[in-house]
Amino acid sequence: MKNQFLIVSTIVIASFALVSMTVKDFEIQDPWEVPAKYEKMQNPHVGDADADQVGRMLYKEHCASCHGTKGEGDGKKADTVDTEVPDFTDGTLSEQSDGSLYYKTFIGRDDMPGFQEKISDEKQQWLIVNYIRTLGS
Ligand code: HEC
């Protein structure tokens, strides 16, 4: 009798553990808070004609591996990170300020590497922001 109780409770506890692990896998990422200082940052290169050329080149070199050539979040490395790589073509970028996109790209968090050191030229940084915006349209 005692043994049976032990077996049943072990099964119950194990199933709970399994279910909570599975649920965690599908959890949506926490909202990404952007500090006000960044959110309000002005982009000095809005509409810069270089965005298409230079921005695209930098994107291909540094971002497409995860975010995909078209920004759909389907790059080769996307499956190797735990966090879902967001789709830039779903319209969510247009709801965010240039400063927010700058913050997320160059400060980063968890699986999104901060690119401040790899891409330190300020103009290049903003051209990437300009370029990823064009992927949504
Ligand atoms: C190693 C894979 C990887 C690389 C390389 C990478 N990213 Fe990301 N990126 C991610 C992941 C994963 C997230 C989601 C992070 C989160 O929500 O915590 C993300 C999120 C973002 C976001 C936020 C999108 C949103 O909807 O809020 C932006 C903007 C972004 N990346 C831009 C870039 C740019 C620009 C580059 C290249 C300079 C780049 N990323 C390179 C994996 C990557």
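Quick reminder: no glycine exception, Cβ is built from N, Cα and C everywhere.
The average pLDDT for the domain 'Cytochrome c' (50-135) in the predicted structure is 96. Positions annotated as domain 'Cytochrome c' by TrEMBL: 50-135.
TrEMBL lists 69-80 with the feature compositional bias 'Basic and acidic residues'. In the compositional bias 'Basic and acidic residues' (69-80), the DSSP tally of helix, strand and coil residues is 5 helix, 0 strand, 7 coil.
As annotated by TrEMBL, region 'Disordered' applies to 69-93. Beyond the region 'Disordered' (69-93), the same-chain residues lying 6 or more positions past its ends with a Cβ under 8 Å from any Cβ of the stretch are 29, 60, 63, 101, 110-112, 132-133, 135-136.
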